[in-house]
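S.K.: Structure in structure tokens, see below.
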Amino acid sequence: MADPRKTAAAGAASSASTLILLQICSRILTFVLNQLLVRLVSPSVFGLANIQLELLISTILFLSRDAFRTILIRNECLATSSSTMGQVKISGARKGSTNSVHNLSLLPIPIGFTLTMAACTVYIRYISPEAMRFVPTFRVSIALYALGALSELVCEPLIIRAVRLGHPTWRVKAEGIGVFVKTTSTIATIVIVPRLNIASLQTYLVDERATALFAFGIGQASYSFVILAVLMVLFFQEYGVSDTLDLYIARPDSLRGAEKLKGTTRTIWFDRRTLSLCATMAQQGLLKHCLTEADKFAVARYATLEDQGGYALASNYGSLVARILFQPIEETTRIVFSAQLPALDCTTNQRTSSRPDLSEDAVERVGSMLCGLFRMHILLACCMTAFGAPLSTPFLYIVAGPRWALETSAPTILAAYTWYLPIMGINGIVEGFVQSVASEAQVNRYSRVLLVASAGFIMALAMMNVLVDRSNVMEFVLGKTALVWANAFSLAIRAAWCWSFVIAYVGRAATNKKHTFDVSPRAALPSSSTLVMFALVAAMLRVATPTLMPNTSQLSLTAHAGRWSALRLLLPTLTLTASCLATVLCTVILVERHQLQHALRSLGRAGNQTRKSQ
């Protein structure tokens, strides 16, 4: 009978490339459909939906489920519980787990219900913009977002079991379908519903804002319901209706061993050690969420709805690379790390008790994957910082239209995001590694690092605000981007500590000297010739683009004449960009070809070597 830990590891590693490909396709589709959505709503409504309402639902979901998901997909959960529970064979959808561990995956549902009611009530009464409280569909939209949050929390036991049973692609498929339905239903509601001659609807859909808010609520609820429906269908097909529905019933375990010799049996509903680690991770998660969403909290509190729209669009496009590439890689590697690596105390070189053995093959696979991913991220960082800032305005003009490119702060914020995103990408991998293998003591240690990062964010933001107030030059340089730079500084502190943790873990885990891996920042840097090429391209674009770009009045006038007239004005800038991009690609292919091939093979090799070891 196959070891369930090996089943999860094989499923995670062998599907790494598939997971990344599925998520990339899903996010590209989302981007294409969002292009239509951006042109249908005003900046104020777009800002409300993508800053305030997204912040509301992300807070509910993150605080309710993130700690449980992070811990329960780890192999240590099974090892911990199996050492204390009687060996009861469990088959079907509960296979590879114990009841006391599985019961923990049900906790996000009641926690989320309570948090949803409290958060939505507080938001409606005290936090929401005064102007939006009188929109007829405002409360309906909040209710739809709340229903969507609860539906996603109901999915949580299925998502955790899918990963533990070796089916991590199920969630990606469900989310891909959900994203498509979310965007199409939102667009359809905006375009079609106002044309329906239904008196009850016309009472609520009195203007563009009311229609758009209702549409965003419909889209969010549709997304969540579709994810739940797809996961249910997949589980029904694989394990049957009764076994799937049984996942939502809490069942106890009986503690045997020494107690049984005395003729007694102890009933266990929750595995204490795993629950303690979940609680520790939840405490850390609250602080991490505040740090991650600090910019949205500040923008939602102090910026106008129009400025929120510009910030939302810039962060939307700025995080496009993160959503399309970084996030799939982060989520996939987190599954691989959780499935293949145990907790290892980097200060004592001792594994925590009752942990699975750490194989040299696992260290080799993960070390090779980390080396490749770090190098790829550094190359992408060079591309983003070289091309992003000088081309933010023409990019937004082409993809979002003149209103967003010329009348909002989105281009300036997007330019700053191109420096923030590389740090986000690296941090996603190294922080995912820490959360996948850290012991409870190490999680507590990282919580202190988060406190330092929080202080760094506040200090950096305060310092930049002082500089902006005292200097016109600094106001021109920083503008409305101080939040982005403060976030980048805070995230860099987190990434630095996590990267040092990765170096220490890999160094102590690689007992075989033939399989040592240099995962330091210096090893991830491209060759000097590649770095020089990126520097020259960055300098050329920053000098030439302001000269070649038409001014704002020309672009505004040409926009009314038609899209092609505007594109003709941008043709010199686009030609220069294409030439620089071709030069960079040729240099990377010629100089970095072998390193890139190694990086791409590392994901596939993880799956192949895992299958051979079964």
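Glycine is treated like the rest: Cβ placed from N, Cα and C.
Quick paste from TrEMBL:
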{"type": "TRANSMEM", "residues": "12-33", "note": "transmembrane segment"}
{"type": "TRANSMEM", "residues": "45-64", "note": "transmembrane segment"}
{"type": "TRANSMEM", "residues": "104-126", "note": "transmembrane segment"}
{"type": "TRANSMEM", "residues": "138-160", "note": "transmembrane segment"}
{"type": "TRANSMEM", "residues": "172-193", "note": "transmembrane segment"}
{"type": "TRANSMEM", "residues": "213-236", "note": "transmembrane segment"}
{"type": "TRANSMEM", "residues": "378-399", "note": "transmembrane segment"}
{"type": "TRANSMEM", "residues": "419-437", "note": "transmembrane segment"}
{"type": "TRANSMEM", "residues": "449-468", "note": "transmembrane segment"}
{"type": "TRANSMEM", "residues": "488-507", "note": "transmembrane segment"}
{"type": "TRANSMEM", "residues": "528-549", "note": "transmembrane segment"}
{"type": "TRANSMEM", "residues": "569-591", "note": "transmembrane segment"}
S.K.: Six or more residues out from either end of the transmembrane segment (104-126), which same-chain residues have a Cβ under 8 Å from its Cβ atoms?
M.R.: 52, 56, 59-61, 63-65, 68, 72, 133, 138-139, 142-143, 145-146, 149-150, 153-154, 156-157, 160-161, 248, 250, 270-271, 274-275, 278
S.K.: So, do the transmembrane segment (528-549) and the transmembrane segment (569-591) meet, by the test of 3 or more Cβ pairs under 8 Å (sequence gap 6 or more)?
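M.R.: They do touch: at least three Cβ pairs between the two stretches lie under 8 Å.
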S.K.: Any residues 6+ beyond the ends of the transmembrane segment (138-160) with a Cβ under 8 Å from its own?
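M.R.: Here the qualifying positions are 53, 56-57, 60-61, 64-65, 68-69, 72-73, 102, 105-106, 108-109, 112-113, 116-117, 120, 123-124, 128, 132, 171, 174, 204, 213-214, 216-218, 220-221, 223-225, 227-228, 231-232, 235, 244, 247-248.
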S.K.: Per the 3+ Cβ pairs under 8 Å rule, pairs at least 6 apart in sequence, do the transmembrane segment (45-64) and the transmembrane segment (419-437) touch?
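M.R.: No; fewer than 3 Cβ pairs under 8 Å.
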S.K.: Which residues of the chain, 6 or more past the ends of the transmembrane segment (213-236), have a CB below 8 A from one of its CBs?
M.R.: 45, 48-49, 53, 57, 93, 132, 135, 137-138, 140-145, 147-152, 154-155, 158-159, 161-162, 167, 170-171, 173-175, 177-179, 181-183, 185-187, 189-190, 193, 204-205, 243-244, 247
S.K.: Could you check if the transmembrane segment (378-399) is in contact with the transmembrane segment (172-193), meaning 3+ Cβ pairs under 8 Å among residue pairs at least 6 apart in sequence?
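M.R.: They are not in contact.
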